[in-house]
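Everything below concerns the one structure shown next.
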Ligand SMILES: O=C(O)C1=C[C@@H](OP(=O)(O)O)[C@@H](O)[C@H](O)C1
Ligand SMILES: C=C(OP(=O)(O)O)C(=O)O
């Protein structure tokens with residue numbers, strides 16, 4: 001699908017879509033609880049669908065109802081099929097330890113993009129636990145067989161926090177205490193805090209310790225009714241659209257839901273952006289912004305849209321500590337640098353970030369490419385606010401991964417687009 005943006009979004013009120021990270025987590029906690037849980041206002045997207053399908057294959061009943069997703073579980077069962085994570089790193093990495101609870105052979109696979117993303121930290125844990133594994137490609141397909149045992153495990157904290165989340169889900173259910181120790185500093189820590197907070201709400205306790213976590217064993221997840229709040233990773237696109245001139249009001253956002261990308265508020269304010277956030281409503285105001293140093297170690301997903309804002313801010317910006325952007329759906333450093341250059345941005349790559357010299361406006365009539373990455377498509381669609389003619393984004397269907405209604409919302413906010 002190609003999208004041509006004839007006129008950028010410009011004004012209106014938007015109910016921010018539910019959080020992808022929270023939806024995955026609530027579904028998994030509910031699947032590990034005995035009985036009937038309800039996940040209200042879940043995100044519907046390809047990634048959350050991957051988690052649903054994988055949990056169903058593990059014997060969990062998940063039904064879409066008017067109230068939300070009804071999850072009924074009686075424990076994790078031997079899977080009936082290959083667990084296919086599509087392109088969702090979260091679904092894969094969260095569910096590897098969970099699937100091992102079935103104590104049988106399980107095979108994981110995903111689309112080519114996911115097959116390239118690292119799974120290394122689990123192989124370290126399998127070696128420590130005595131779990132057998134076989135890989136039939138770079139990382140996936142991955143066949144595993146064995147029984148998780150409580151103990152002390154070491155992994156790196158800088159490759160992906162998703163390994164920590166996956167282990168924290170499964171370890172409390174084992175018949176003894178465990179320790180998870182990180183031998184490099186944890187990046188994306190807020191995501192792990194979100195995991196622990198959601199586990200707490202389903203009755204499970206995790207205790208942070210020096211360099212890691214203590215996980216008491218013999219715990220039980222307790223069924224719950226849980227409502228998903230708005231997604232800061234997606235609101236970030238509209239917040240920056242507002243700073244660049246659109247007149248927007250964003251609702252359904254909650255403070256303190258441990259969303260790493262809430263950091264967009266600090267980054268933008270530090271650059272001179274004026275954002276009002278009260279009672280779950282964000283109103284970004286059109287502002288003049290200045291170059292800054294943006295450290296993405298804790299909130300990688302807002303990298304592409306921060307690059308757009310930096311490219312349109314006065315002076316020089318340095319995006320740093322962003323090496324993990326290279327192991328997402330695309331190499332996001334190369335992808336956003338290449339596409340913004342086509343628009344006339346003064347941007348160059350470093351090993352783990354970007355250096356950006358601000359310009360006043362972008363060029364138009366350009367053919368841009370998605371790199372099969374939802375966050376690149378959405379960042380470019382917002383960049384259109386500062387072009388004075390149309391742009392075309394090819395491969396725009398990548399938005400389905402996390403925000404299938406992105407362009408419907410774009411049109412509600414008075415953007416004019418056509419599809420080809
Ligand atoms: O736990 C999560 O929900 C996520 C963690 C982050 O990954 P890393 O920890 O690999 O940076 C983030 O990029 C991803 O989109 C979602
Ligand atoms: C990287 C992302 O997700 P995941 O790691 O779950 O594929 C994302 O949503 O930007």
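Just so it is clear, glycine is given a Cβ too, placed from its N, Cα and C backbone atoms.
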Record-annotated 3-phosphoshikimate site (TrEMBL): member among 188, 197, 348 besides 20, 21, 25, 160, 161, 162, 301, 328: 188
Listed recorded positions with Cβ under 6 Å from ligand 1, out of 25, 162, 188, 301, 375, 401: 162, 188, 301
Recorded positions whose CB lies under 6 angstroms from ligand 2, from 25, 301, 328, 332: 301, 328
CB contacts for residue 301 (active site, proton acceptor) [other CB atoms within 10 A, all chains]: 28
DSSP three-state assignment (helix, strand or coil) for residue 20 (phosphoenolpyruvate binding site): helix
Taking residues 20, 89, 117, 162, 332, 375, 401, which bind phosphoenolpyruvate in the record, the widest Cα spacing (Å, whole number): 19
Using Cα positions only, nearest of the recorded positions to residue 401 (phosphoenolpyruvate binding site) (161, 188, 301): 301
